[in-house]
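One structure is given below, encoded as C-alpha cells.
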Amino acid sequence: MSLSPHVENASIPKGSTPIPKNRNVSSIGKGEFLGSSSSNNSSFRMNHYSNSGQPSVLDSIRRPNLTPTFSYSNGVYMPESHRTSSFNDSYLPYDKNPYAKTTGSMSNKSNMKIKTKKNAINTNTRKSSGLIYTTKVDKELSSIDKVNDPNINGLVCAGKTHLGLYKFSPSDRSIKCVHDFITPNSNTSTRGTTSLLPKLSKRTRQNKFSTIADVKTGFNNYKNCIAVCNNSTAISIYDLNKSSSIDNPLITSLCEHTRSINSFDFNMVESNLIISGGQDSCVKIWDLRSNKSKSSNRSDISINTASDSIRDVKWMPGYNFASKNDQGSSTYGNLKSGYKFASIHDSGYLLKFDLRQPAQYEKKLNAHTGPGLCLNWHPNQEYIATGGRDGKCCLWFVGDNANAAENTVLNYGNSPSLHAPNTSLNNSGSLAFPKLTINTGYPVTKLKFKPAYSSNIYNSLLGISSMGDEAEVRIYSLARKYIPKHVLLSETPSLGLVWWDENLIFNIDKGTRINGWDINKEPTVLENLSKNTTTWRDLDGNGLLSVDQEIGSYEVVEPELQPTSSTTCKKHPGTIKNPKNGNPENQGIIGGIKKGFSHTGLTSFTPERPPTLKAGPTFSTKSLTLASGASSFNSSSASLTSLTPQTENREEIAIEPPCIITLDIPQIFNNIRLTKIAHSRKKNVISESSSMKNSPVEKFKYLARQLKFSYIREHNVSDSADTAYKNDIENIDVVKNATETHGDNTTTTNNNDDDDDDDKIIESHLLKKYNFPENNTWATLMNEKVNNKKSKRNSSSSREFDEKDVRSSISSISASRQSHDRSRKIDKNVEAELQEKIQTLVDLISIATHNASVYLSIDDLTNFKIWILIRDSLLWDLKWMTSSQISSDNASNMDANESSDFEAGENLKTGKEFPEEDGAGTSGAESLVEERPQAFRANSDEPSDAEKKPVSKLKEQLKNTEIIPYAQPNEDSDEVLTKLKELQNQRLESRTKMGETVSDDVIIEEDEHEHQEEEQPHDSPTKSAQFHASPIAKSIPILQKREHRKSFIDTFMLHSPNGYNGDTDIGNEDDNISPRFTYNSVSPRSKVSSLQSYATTTSQLETFKKLSSHTAPIIGSPRHAPSRPDSIGREQLSSSLTKKLAKCKKIIADPPWDTKKLIKQLYNQATETGNVVLTVNILFLFQTIYQITEIDIAKDAIAHFLLLLHRYELFGIAADVLKYCPFEDIMGSEGDQSSIRLFCERCGELITNESSKEKLRAEAQQTGNKKIMDKFGYWYCDSCKKKNTSCVLCERPLKKLTMVILPCGHEGHFQCIQEWFLDENEQECPGGCPGVAFI
C-alpha cells in the first residue's frame, strides 16, 4: 500500500514476519537487563524455553489489585475477570496468548507461576490478548508522541529528566530505547540492546525539563523535529537525526511566554508552524523558518486571550485519507486545516480561531463547569472533543456551514476571560449544548481520536486517559456513550496515550511502563457483559426491574456518503504562494498575515467562510490583542442571523438505549390471590400474626404503622382563631341583649352594677370557651348555676327573682318566658357546638373501630376488647346527643360539668336533685345507677318528644294529687290507697301460693328517708315534720328473687367489631333491660322496696303523705321523671300509670358506666402492664377531652414514644405524630439539648432519683401544690442518701449554675464566685487553697 507523504496513520501489515524458533528473545534487551540498578525478587527475569522461540510473560509477580472487584464508573459493570490486568498471568492464558507456548518444559527454574483464573460470570468470556508491546524504563515519564515518519516505527517519550527515542519491532514485539537526548554521554547503541542508565562522569551536569512536560513531533519536512518544554517558559526543538554524542541535537529555543507553557502543537499542513499556550493566557505562533537562531524571544503572532490560562491548544488536523470510487482512488482533505486552531481554558471555555483573522475568535463555547484540561480535533470533520475536571468528555460542532446553524453556540453568561466585541447580543437566551456527553466519573487529562476516516461522527473511536487512580485507557465509540468499546488495563494509572495507526495504541503509566495494544485483538466490553438482567426495583422488593437488549454493536449503519464539508482533490494544498514576491518568508500563511498587517486591515484575505463580526486589533508589529472597546470591521456584514440561539439544541443519540420494563409483581399477585384464592390470605395473616407474637419489635412496628393516634385535622390556625373571636363577640352581644331586655321588665339597678354584670358575662364566656385560669374556675361556674337553680325552686311560690342572680346565669335567662324570643339567637351557637361535639364523637368512634380491627388482625383479643369497650361507650354518648332535641325554652340550660367535661376535662361531680347516702353495699350498683354519666352530653336536659308524651299525661292525671293539702286526706287519696292495697295483697297471695317465704334481709331505716327529705331544697318544714312523724318500717318483704341478667361486657363482647346496632340492642327487652328498670330488682337504694314497706304500715294517711311528698316533685320535673329509678317506684299508684311508665323503659336507656371513668381505668391498666402503644393512643385521643393525667406526664410519655419510633427507624410515623399532636413543645429540652449523666461523688452510682421524683409527684397531686416539685433535683443521691459537693463559700447545695475553680477543683455557685473574686477582689480560693486562683 502506497502512503501519501502526509499520511500519519500507517497501517500494520496483515502478515507479520514469523519469529525464528531457535531464538530466545525478550521484550527487554540483555544489556538493559544487566544494567538494571536492582536485581531483587521484583526485577525482571528471563525465562528460557527449550523448544520455544516466543517470549515469555513479563513479570514474575502479580501486579497489585489497584481497582475494586467491581467497577461502576460511567455506569458500566465490569466483573473482576474482565478487569484483570494484561500483565497478570491469568490474563494471557496459553490457549490465547500468542507469545507463550503451551508445550515444552522450563530449562531454568524461576519464581514465575502461571495461573489461569476461572471466570465465574460467563464461561464464554474473552480474555485480553491485545497487549503486544510493553517495556519498563528507569526514568520518569510524563508524555508520549509518535514519530511521523512512516519509515521509522518510533516513539518519543519525555519526562522530567528524560527525552528518549524508542523504536518498536513488529517482528519480535519489542520496544527499545534508541537514544536519550538528555544524556548524550550514555553508551547507546541502535544495533543491540539499550541502556536506560546513563554513564555520567562525576562533573557532568544533568539537564532537567519542565515539571509540566509535553512532547510533540513535526510533520512532513519537519518530521525530524521534536518539541519539548526545556523549562517552564521555553520550548526546545531537537533534531532526531543528530543522535550521536558529537552533534548537538538542539535546534532552537522559543521563549517569549512570561509564565509556564502548558501545551504546544505542530501544524500538519504548514509544518513550519508551531503554536503554544500557557498560564499567561497568550497564544503564540512561531515560524521555524524565521527562528533559525539558537534562541528566539519573539513570536510571529501573539494573541492575548485576556485572563484565562490556556490548558491545551491544537491545530485542526490535515489528514489525507485515500479511498476508492468509480473513478479510481482519490484523496479527501480539508482546505481549512492549515488555518484553524482551538484552545481550552481554565474557565472551561473553548475558543476557535482562524489564523487569517486572529484578532477575533470564531466560536466561544462554555464547554465545562470547571477547568477544561484537554481537547482534540476530529480527523476529518469539524468536531472537537474536550475533557475537563468535571469528569465529562463533550463533543462540540465548530463548523461554519449554514445548514448547521442549530449547532452554532454562543458565549453565554458573564465571561471573565475574553473581551467580546461591542455588539447588542442578548446572551441571556444563548445556550451551549454538546452533541454528545460521556460521563467518565474522573478528570479527563488526555484524549485522542482514532486517526481514521468516518463519514458518520458516531462511528468514531475516542481514547480517554484520566489523571486519577484508574489504571486503564478507555476507548469509546461515540455510538455508545455509556459502555466503552475497549478497556485497556495497565499496572498503574495512565499518564498519556497516542494512536500509532487505526489499530495500534500506546500509553505510558506512573510505573514508567510503555504499553502497546492491538485493539483488534482486544475483546469488547459488550462481549463480557451479560445480555440481560433482572433485579428488584427497591429495597422492600415492591416490583421487578428487567432490562433486555440485543448485544448490538458500536457502529451506526448508514449508507456511505461523500463528505459535504470536504473538497475532493488529488493532492492537499501545501502552502499559499504569493506570485508577486518570491521570498520564502513572504510565502504561506505567515507571509499572507504579514502582508495583511501592512495594509489597512485583515480583510486582504479571501474569506472561505461566512463573514463574522471582527474587532479591531491593537498590536505592535506582530502582536495581536483582543480589544473590547474597538470598533468592528465590516460592520455592514456583521450579521447575527447565524448566531440566533435555537430551541432544539438537544444531545443526539446514535443508538437507542434499552427499554426498561417495571412490573408491580407483588401487587398483581395479591390481586389474583384475593380474587381467586381468598383462603391463602388468611394463611398469610396467621403466619404474620405468629411471627409478630414471637417478635415484639415487629409487633410494635406493625401497630405503629397501622393504628390511628389522632383525630385532629389540619386547619389554618389563624382563620380558626379569627372565626372563634367573631363567634365570641356575637355570643357576648346576644347575652347582653337578652340581659338588657330582661332588665327592662324587672327592677332597674345602677349603671355600675350593669357594667359589673357585663364583665361577669364576658369573663364567664371566655373562661368557658378558652379555659382561662384567671379570676374564675369551672367549679365556680357550676356552683353559681346550682345555687341559681336552688334559689329558683325555693322562690317558686313567690315568683320573685333577683336581677343579679338572673343575669349571672345564661340558662336562667333563656328559661324565662319574657326573654323567650331573644334566646333563639343563642340556640344557633349551641347547635354549632353540639354539631362539633357530635363530629368529634364520630371521629373517635371510627378510630376506635379501626384500632379494634388492627388488634383483631394479629389475634390480640385483650386490646381488641378494650377498643370495643371504648367504642361502645362512645356510641352511648353519641346516641344521647343525637336523640336529645334542643328546646327553645331550655336550650342553653346545660350543666356546667357537661361542657367542662368536653372542653376543659375537669373532674367535676354531676349535680343531682336527689342525693343519696353512701352505703356499704353499693359497690356493684353504684356505678350503674348514675344518671347519664357520659362526658359528651346533649346541650339540653329536656328529654325527647317520645319521652315527653307519657310524662305530660302523667302530670295531667296526677295534677290533683300534686295540690292535695298534706294535713287532711280526701276521697281521691283513699281511692288510690285502696287500689294500692289491693295490688299489694294480690302479689302477696301469688307469692304465698308459690310457697316462697318472706325474707327480711334488707332493712331500711327511717332516718334514711328523713335525710333524703332534708336534702330536698323545695320541701317545706311542714312536710318534713309530718314525714318525721311517720312510723318506722322494720322490714321489707322480698316478693321475687332477682333474675339472672347479662352483664354489659358479656352483651357487647358477643357483637361483631365491624358495626354496632344501637337501636336493636337497646330495644331488646329480654337481654338489655337495665337493672334500674327491673320492677322487682333488689338493691340497697331500691325505692320499690320502700314503697312496699309503706303498704304494710297501719297508718295509711301518713303513708300517703310520704308517697305524695315523693311523687309530686318527681312527676313535676320532666327531666328526672323518665330516667331516675326513684320515679319508677312511685309509679305504683295505679296500674294505668305503671303501663305508661313501662313504655319509658324501652326508650330511655342510660349507659352502664361513665366514659371518662372507663378510659381512666383503661389508662391506669395500660400503664401498670406496660402497654406503651395503648397508653400513648389513649393520651393522644382523650387527654384533651377527659384530662386522663397531668399534662407534663402526657408530654413526657409522647416524647418517649417518639424516641422509640426513632430507634426503630419509623421516622415518617414520628413526623406525623409531631404534626398532629395536640400539645406543643413535646420534645421539651430533649429537642435541642443533649442528656448528661451525673454520677454520685460519694458512692459512684448514676443519679436518677426516680424514687424521690415519684414521691414528690404523688405529694404534689394530693395537695395540689406544684411547687413541691421544686425540691426535686440531682444535687443529692437516692442511693447513698447524701448530698453532693456543696458550695465552697456558702456551703449550700449546688442546684443551678456551678462554677469550678481550676487550680484546686473547688465548686461554687456562680453568684458566690462572682462576689468573692469580682466584688471583693480576692485572688485565692475561698477554701484556703494555696496559690493564686484568679487573676
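A Cβ is built for glycine as well, from the same backbone N, Cα and C atoms used for every other residue.
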Inset, instruction - State the residue range annotated as region 'Disordered' by Swiss-Prot; the candidates are 600-619, 1040-1059, 1080-1099. - result: 600-619
Inset, instruction - May I ask you to indicate which of 1-39, 79-117 is given in Swiss-Prot as region 'Disordered'? - result: 1-39
Inset, instruction - Would you report the average pLDDT that the model assigns to the repeat 'WD 9' (1217-1256)? - result: 77
Inset, instruction - Taking helix as H, G and I and strand as E and B in DSSP, count the residues of the repeat 'WD 2' (256-296) in helix, strand and coil. - result: 0 helix, 20 strand, 21 coil
Inset, instruction - Report, as numbers and ranges, every residue of the chain located at least six residues beyond the repeat 'WD 1' (207-248) whose Cβ falls under 8 Å of a Cβ in that stretch; write 'none' if there are none. - result: 5-6, 8, 142-149, 154, 156-161, 163, 165, 178-179, 181-182, 184-185, 188, 190, 254-255, 257-268, 271-272, 274, 276, 278, 286, 288
Legend entry - Number of helical, extended and coil residues in the repeat 'WD 5' (439-486), per DSSP: 3 helix, 21 strand, 24 coil
